[in-house]
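Novice: Dumping what TrEMBL says about this protein:
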type: DOMAIN; residues: 39-285; note: domain 'G-protein coupled receptors family 1 profile'
type: TRANSMEM; residues: 24-45; note: transmembrane segment
type: TRANSMEM; residues: 57-76; note: transmembrane segment
type: TRANSMEM; residues: 96-118; note: transmembrane segment
type: TRANSMEM; residues: 139-162; note: transmembrane segment
type: TRANSMEM; residues: 191-218; note: transmembrane segment
type: TRANSMEM; residues: 238-256; note: transmembrane segment
type: TRANSMEM; residues: 268-287; note: transmembrane segment
Amino acid sequence: MAATSNVTEIIFLGFSQNQGAQKVISVLFLLLYVAILLGNGLIVVTIMAGKGLTSPMYLFLSYLSFAEICYCSVTAPKLILDSFMERKVISLKGCITQIFFLHFFGGTEIFLLTLMAYDRYVAICKPLHYTVVMNRRACGLLVGAAWGGGLLHSVGQTVLIFQLPLCGPKVLDHYFCDVHPVLKLACSDTFLISMLIITNGGSISVVSFTGLLASYVVILRSLRTQTSEGRRKALSTCASHLAVVALFFVPCSFVYMRPCVTLPADKIVAVFYTVVTPLLNPVIYSFRNAEVQNALRRLMGRKGSWEEK
C-alpha cells in the first residue's frame, strides 16, 4: 500500500478541539482505564490463584478478562496521550496495526462470550453430561478456537484495508483507527471492499449473537423443571451474561452491520464497546459471584499473612 498511497500519517480529531475539554477527557479515560486494568487483572489473578475456581466457566472468564484488558489497551492509552498533544498523529503502519489488534481482541471477545453462553447451556440443561462435554481438553480446544477465530477475522479485515491506496484527506473524525473511517481516505472505489468488510464483521456478529440468544432461550425454557432456588440462580447468571452481551453486541452491530459510512455518534458508541463493557465486566460477571468473592477474600488474606511475615 505504501507504493500507491500518498498518506504516511493520519490525524485524529478526537472528541474535542478545546484544550481544556481534552484534558478533562484524558483524566476521565485514565481513571476508567486504570479501573479496567485493576478490575479485570484482579479477576485473572484470583482465578489463576484460587484453588476452588476450576470449572470451565471461570477458565473462560479469565480469558475474557485478559482479552478485555488487551482490547481496551489498543485504544485507551493512545487517546490519553493524544489529549496532551497539539497534533494527534499516528503513522499509517501504526493505524493498520491498531486495526489489526482492535479486531483481533474484539473478535476473540465475541467468541469467548459465545463459549460462556454454551457453557451455561450445558451446565443448566444437561447437568449430568456437563463434566463429560466440558472436559479439560474440550475447554482448551474451545479457547484456542476462540483466539484462532479472532485472528482469522482480524487478518481478513486488515488485509482488505491494507490493499487500498489512500489519498486523503489524512484526517479521521475519530479517536482511533477503524475500518469504516479509514475507508473514507481511499482514492479508489471501495464498494466491493466495504461489502466484504460488512460480511466479515457482520457474519461473526450475527452467527454469534444468534447462538447466544438460542442458548439463553433454551435455558429459560428449561427452567420450568427447576426448583425455585435453581431458577433464581440460573436467572441471575443469565441476566448478568445478557447484560454484557447487550452492552457489547448492540453498539458493535450499530457500527459494523451497516454500510461503510461514518456518523457523528460513532465515537460515543465506540466508547461503550471499547471502555464501558471492559469496565463493567468484573462487576457483572465476577464481583457479584459468591465463589469469586470468597476466592478474592482468601487471596487478600494470603497477601496479608505474607506482609506480616
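Cβ coordinates are placed from backbone N, Cα and C, and glycine is handled just like the others.
Given the structure is predicted, the values throughout are model-derived calculations rather than measurements.
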Novice: Decide whether the stretches the transmembrane segment (268-287) and the transmembrane segment (57-76) have at least 3 CB pairs under 8 angstroms, with pairs required to be 6 or more apart in sequence.
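Specialist: Answer yes: the transmembrane segment (268-287) meets the transmembrane segment (57-76) with 3 or more Cβ pairs below 8 Å.
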Novice: Count the CB pairs under 8 A between the transmembrane segment (96-118) and each of 24-45, 191-218, 238-256, then give me the winner.
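Specialist: Per the Cβ under 8 Å count, 191-218.
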Novice: Six or more residues out from either end of the transmembrane segment (238-256), which same-chain residues have a Cβ under 8 Å from its Cβ atoms?
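Specialist: Apart from its flanks, the transmembrane segment (238-256) reaches 106, 109-110, 113, 116-117, 120, 178, 180, 198, 201-202, 205, 208-209, 212, 216, 219-220, 266, 269-270, 272-273, 276-277, 280-281, 284-285, 288.
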Novice: Cβ under 8 Å to the transmembrane segment (191-218), counting only same-chain residues 6 or more beyond its ends: which ones?
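Specialist: Same-chain contacts beyond the flanks: 103, 107, 110-111, 113-114, 117-118, 120-121, 125, 149, 153, 156-157, 160-161, 164, 179-180, 183, 238, 241-242, 245, 249, 252-253, 256-260.
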Novice: When the pLDDT values for the domain 'G-protein coupled receptors family 1 profile' (39-285) are averaged, what is the result?
Specialist: 86
